[in-house]
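As annotated by Swiss-Prot, CoA binding site applies to Arg206, Gly207, Gly208, Lys209, Thr325, Ser539, Arg612, with the evidence given as similarity to another entry. What Swiss-Prot lists as ATP binding site is Gly401, Glu402, Pro403, Asp425, Thr426, Met427, Trp428, Gln429, Thr430, Asp516, Arg531, Arg542. The annotation AMP binding site is assigned in Swiss-Prot to Asp425, Thr426, Met427, Trp428, Gln429, Thr430, Asp516, Arg531 on the grounds of similarity to another entry. Summarising the annotation, Swiss-Prot assigns ubiquitin cross-link to Lys506 and lists experimental evidence as the type of evidence. The phosphoserine annotation in Swiss-Prot covers Ser679.
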Amino acid sequence: MTIKEHKVVYEAHNVKALKAPQHFYNSQPGKGYVTDMQHYQEMYQQSINEPEKFFDKMAKEYLHWDAPYTKVQSGSLNNGDVAWFLNGKLNASYNCVDRHAFANPDKPALIYEADDESDNKIITFGELLRKVSQIAGVLKSWGVKKGDTVAIYLPMIPEAVIAMLAVARIGAIHSVVFAGFSAGSLKDRVVDANSKVVITCDEGKRGGKTINTKKIVDEGLNGVDLVSRILVFQRTGTEGIPMKAGRDYWWHEEAAKQRTYLPPVSCDAEDPLFLLYTSGSTGSPKGVVHTTGGYLLGAALTTRYVFDIHPEDVLFTAGDVGWITGHTYALYGPLTLGTASIIFESTPAYPDYGRYWRIIQRHKATHFYVAPTALRLIKRVGEAEIAKYDTSSLRVLGSVGEPISPDLWEWYHEKVGNKNCVICDTMWQTESGSHLIAPLAGAVPTKPGSATVPFFGINACIIDPVTGVELEGNDVEGVLAVKSPWPSMARSVWNHHDRYMDTYLKPYPGHYFTGDGAGRDHDGYYWIRGRVDDVVNVSGHRLSTSEIEASISNHENVSEAAVVGIPDELTGQTVVAYVSLKDGYLQNNATEGDAEHITPDNLRRELILQVRGEIGPFASPKTIILVRDLPRTRSGKIMRRVLRKVASNEAEQLGDLTTLANPEVVPAIISAVENQFFSQKKK
């Protein structure tokens, strides 16, 4: 067997940069906002070399200001005191609702795709203004004031958006907790944020199942005297929902008491708009703080320029407002621009795998933004449904949440986009607020597997994690950092600014540390390697787990792979791969004769040889564990921490598993590791 030479960003040498298909240009409602790569480079260089001039122009063009700012930007990454648009006054709710309602009240704002399609509805900007004003009035009547936090625990329904905008309207701070979190997780976030008001619903509906949302809230807040009011929306109208007198109030009853217009409160640009809790390396969640002016501008600019969004477009972001994707690209980005946003309550599999494509056909969606996890699911079991529907309205296909592998990128382009759409593989995070690395649709040529180029104002760099020195030029790999502030970056961690500094600004002084590994290829394009703690070092070789995972996933029988590094006395670390297989093929309990006579040992041997051939002998997994499924968070990401602990024989130290969407797989994984790994070591 010939082992190919290992190259820096080696996969970049196997793909070509692709220009936007002609269909993209033919279907544009108007001229593109950025016309080509040269135009992007000119704008990008100005945003880096003259950031105050660049963002001053953008802020005045895209946002309505009640009072002008006196300085565009102050502070530094070194000191952790970054501020934008100082002394400027504005309101997020006004920017997202009022100005569009006044100009075009009958234009669709929210397109609600309910769990049951018979419950679908459209809310115009005029209706949205009235509904937001009423809930804002309720909160104001309860004494909620500027600077207070309000917790929102709602499924992906229009009322979640209404609640967020209502909180922002009165200058308060919303703290959305994903409605799939446990009672204990909800309690932790409510207490940490000091939220005295919680907004929830009686029950949720998802995938044809009913979720006892109010019951979870009651359990989580039992004994929490901090919470004085709970506003409950009737999602199902089921009778007998427990309501605590003096604390719990029905949404529809309280809203009916309020006027349908409440003037918005003028906020400082640096006033917090929201908190959003994200997992920390210590296991305790941290409340990331985003401010009003800078965040809104980042949301608007990336939605406009990355997706080439026009006012007539329809954006379908298949993400929940419980996560940053829903905040930025289902709510604040499109609504700031006055663009219709699809709010999707259900799952891609309910009532069948044609759901996404029916939504696109029904509403003539022009943009579809989804996580690779959902795409892998559809590719595995639901691909045949795509061709049944007319998806020709699509112009841009986005990917979010994790790097999308080149093969899945190609499948997305061919099967979903019919080779007519631009693929926008976007790299960003809760803390960045909006896109960091992403192609500008129609202007920047794309490469399968690459997030491509930095967005305006993102002064991206690659740092050697050992020396801390920036790596100049192309064909380099290291950790991804940003060396100057940008408007939508998080300003702090709620009540723990020291944690903010320690996590993001102190690891590489003068830089914002993303926590991700990355490579910059020969063309200057960025390839995201995943979290730095998902990089293993075997005998001095730094290996990206995503690189090994991609190699294993190329096998025809493999559905998905997750690679972790565990301690090894000889090599420092060794590679362990967990592999789930396609339906109809070998499963983790397979025996001789299953799956066309492919035995477990034969399959493991094939996969190891494949990695050796595609990357090098040093990257070969020491063992491959065959499992039925992998543990995932509720946002769809693989929880590699669990896999690492189990393979390290530390199953009793798994820590908090409340964010797992499928905790039932953990015992099976422990058993598989015991049978396939530890038992072999004992022989």
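Yeah, the Cβs are placed from backbone N, Cα and C, and that goes for glycine too.
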Of the binding-site residues listed as Arg206, Gly208, Lys209, Arg531, the one whose CA lies nearest the CA of Met427 (AMP binding site): Arg531
Whole-number Å value for how far Gln429 (AMP binding site) lies from Lys209 (CoA binding site) (Cα to Cα): 30
Proximal but sequence-remote residues of the same chain as Thr325 (CoA binding site) (Cβ under 8 Å, at least 6 apart): Thr317, Gly319, Tyr369, Ala371, Val400, Gly401
Cβ neighbour count (within 10 Å, all chains shown) around Met427 (AMP binding site): 28
Neighbour tally for Gly208 (CoA binding site), based on other Cβ positions within 10 Å of its Cβ: 12
Most crowded position, judged by CB atoms within 10 A, among Asp425, Asp516 as binding-site residues: Asp425
Alpha-carbon distance [Thr430 (ATP binding site); Arg206 (CoA binding site)] in Å: 24
Between Pro403 (ATP binding site) and Arg612 (CoA binding site): CA-CA distance (Å): 22
Tertiary neighbours of Thr426 (ATP binding site) (same chain, Cβ under 8 Å, six or more apart): Val306, Gly398, Ser399, Val400, His435, Ile437, Ala438, Ala451
Secondary structure of Thr325 (CoA binding site) (DSSP, helix/strand/coil): helix
